[in-house]
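Structure first, then comments.
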Amino acid sequence: MAGYLPPKGYAPSPPPPYPVPSGYPEPVALHPGPGQAPVPTQVPAPAPGFALFPSPGPVAPGPPAPFVPLPGVPPGLEFLVQIDQILIHQKAERVETFLGWETCNMYELRSGTGQQLGQAAEESNCCARLCCGARRPFRIRLADPGDREVLRLLRPLHCGCSCCPCGLQEMEVQAPPGTTIGHVLQTWHPFLPKFSILDADRQPVLRVVGPCWTCGCGTDTNFEVKTKDESRSVGRISKQWGGLLREALTDADDFGLQFPVDLDVKVKAVLLGATFLIDYMFFEKRGGAGPSAITS
């Protein structure tokens, strides 16, 4: 103000000991415009005694954990550890149904709760299927849902009948393929179908005893799984009745296999092989020779 004079005794304040900025600082370009170089983000230095941790972000996936096999369980048979029932469904083949031409059998396996366990496929030549019928030699490959072969069943050619103790049927069980874990051996009996469940050293572990008449009409046909001295039953192999038309026109059968949940996995696998052998011996029609249940 023109002509303003400070009052008497007024003295100006001394300057501060720190620099006084003049004007406003230039703003930091966090989002540079066109033609401007991006400004790197400045991370403040950590306070004394504190470490600086990186900000959370996507973590790169590491290598997969190595698979640890269960002790005493062949690789691929882990699905047998926690189950006590297997349902086996044989697929119906149209060529076999309408033309009577014997084809390789195909099966689906599920647990008692409906969980898919895998598929089994027969491998045999056409001449053996036509000439030997249900007695034909074959190889069955059982693959898990990932199409990995985990079990192999081998049946050699044995010509014989139940009325004499020669040419008894047999099946070898391998898991993994190439490693024998047991055998299924038919035991001679004049009236009853009997089988011995053997371990890799061909020592008996269990017995399977069937009924005198296996051609059940309207009911299931049960084969009891018993201890090796046949004193008590520990499981069952059941051929389930599929209906009059299906039983008369097709060879497609349904089986149920029951065993204790704490049974050795290898013995469970051999019992599975026994189920397939029973299907071929008693419920598979012979090529041009009538039902195998009469002559096996």
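Every residue, even glycine, has its Cβ placed from backbone N, Cα and C.
The feature region 'Disordered' is assigned by Swiss-Prot to 1-45. The feature compositional bias 'Low complexity' is assigned by Swiss-Prot to 1-11, 25-34. Under the heading topological domain 'Mitochondrial intermembrane', Swiss-Prot lists 1-266. Marked as region 'Proline-rich domain (PRD)' by Swiss-Prot on the basis of similarity to another entry: 1-58. The motif 'SH3-binding 2' annotation in Swiss-Prot covers 21-27 and rests on sequence analysis. Taken from Swiss-Prot, the feature motif 'SH3-binding 3' applies to 66-71, supported by sequence analysis. Here Swiss-Prot flags Cys159, Cys161, Cys163, Cys164, Cys166 as S-palmitoyl cysteine, drawing on experimental evidence. Per Swiss-Prot, the feature transmembrane segment maps to 267-283.
Long-range contacts of the transmembrane segment (267-283) within the same chain: residues 74, 77, 80, 86, 88, 90, 105, 107, 120, 134-136, 138, 140, 142, 151, 153, 155, 169, 171, 173, 175, 181-184, 186, 193, 195, 197-199, 205-206, 208, 210, 214, 221, 223, 225, 235, 237, 239, 251, 253, 255, 257, 259, 292-293, 296, each at least 6 residues beyond the stretch ends and with a Cβ under 8 Å from a Cβ of the stretch. For the motif 'SH3-binding 3' (66-71), the model gives a mean pLDDT of 65.
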